[in-house]
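S.K.: So TrEMBL lists these for the protein:
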type	residues	note
DISULFID	C90-C100	disulfide bond
DISULFID	C189-C199	disulfide bond
DOMAIN	22-121	domain 'SRCR'
DOMAIN	126-214	domain 'SRCR'
Amino acid sequence: SLTVSSKKLIECSTNSFSPESVRLVDGAGLCSGRVEVKSNQSWASVCEADFDRQDAEVVCGEFGCGAPAALQGGLYGEGEGQTWDKEFQCKGNESLLLDCDTSDRENNTCLPGNAVGLTCSEPDDVRLVGGDSRCAGGVEWYDQGEWRTVGADDWDQRDIAAVVCRQLGCGSTVSVLPGDTTRGFGVSCSGSESSLRECSRSYDLLPGLTVICSGNNKIHYMVNSMWTLVGLAISATPDR
């Protein structure tokens, strides 16, 4: 009935509302700072003893950052307010820190210097999509809040591929292929840059490209294995 539906809607809305949130304070940017939790309109620092690597992974993911790089008490100073009164027990796959289980703290005091600070690695702004691994696929660049296709003229493709493979820690270029029919903003590299951010760019729409790097790549390993087997077969064949 209408009455039951309305009641359900009200219960759902009430239960899903939470004033609690998380922030990183006094860090060098979005991906670092002292971990603080908001509850009942006030911010509380988190004690180092109540926060571990799995908790840090959730916070870094919540802020759209890379994996935790540093985690220790006092890393970004002391909070001026109270200390969070729970111990976090994240599994590491939660979307939000406040989705994690918590338990009561054994000791309700947190010594000075133990307010936990966290540094997450900066997120990669380049990725390869649609391939068999993170080291193969169409080149995309995170720009102005969205992932956009990278395009290039024929003579720039090998240089761009070299930079992308280097930036992603994926070894050297195995091959560069035409991308799909999608066109992307133009990029031009010399090939020696450490990241695409150092290359020149334009907003001319150019054909996208697909890059296959040597690292962590099934195709590369399969080709290498095939040639190894061929070589063994040839060496095992008696001379005639």
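Using N, Cα and C of the backbone, Cβ positions are placed for all residues, glycine too.
Those TrEMBL annotations? Automatic predictions, nothing curated.
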S.K.: Give the sequence-ordered list of residues that share a chain with C100 (disulfide bond), lie 6 or more positions from it, and have CB atoms under 8 Å from its CB.
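M.R.: Expected: D55, V58, F88, Q89, C90, K91, E94.
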S.K.: Is it possible to list how many residues within the domain 'SRCR' (126-214) are helical, extended or coil according to DSSP?
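M.R.: For that range the per-state counts are 17 helix, 49 strand, 23 coil.
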S.K.: For the domain 'SRCR' (22-121), would you mind checking the mean pLDDT of the predicted model?
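M.R.: That region's mean pLDDT is 88.
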S.K.: Tally every other Cβ atom lying within 10 Å of the Cβ atom of C199 (disulfide bond).
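M.R.: C199 (disulfide bond) is surrounded by 20 other Cβ atoms within 10 Å.
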S.K.: Same chain only, sequence gap of 6 or more: which residues have a CB within under 8 Å of the CB of C189 (disulfide bond)?
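M.R.: Expected: D156, D159, I160, A162, V163, L196, E198, C199, S200.
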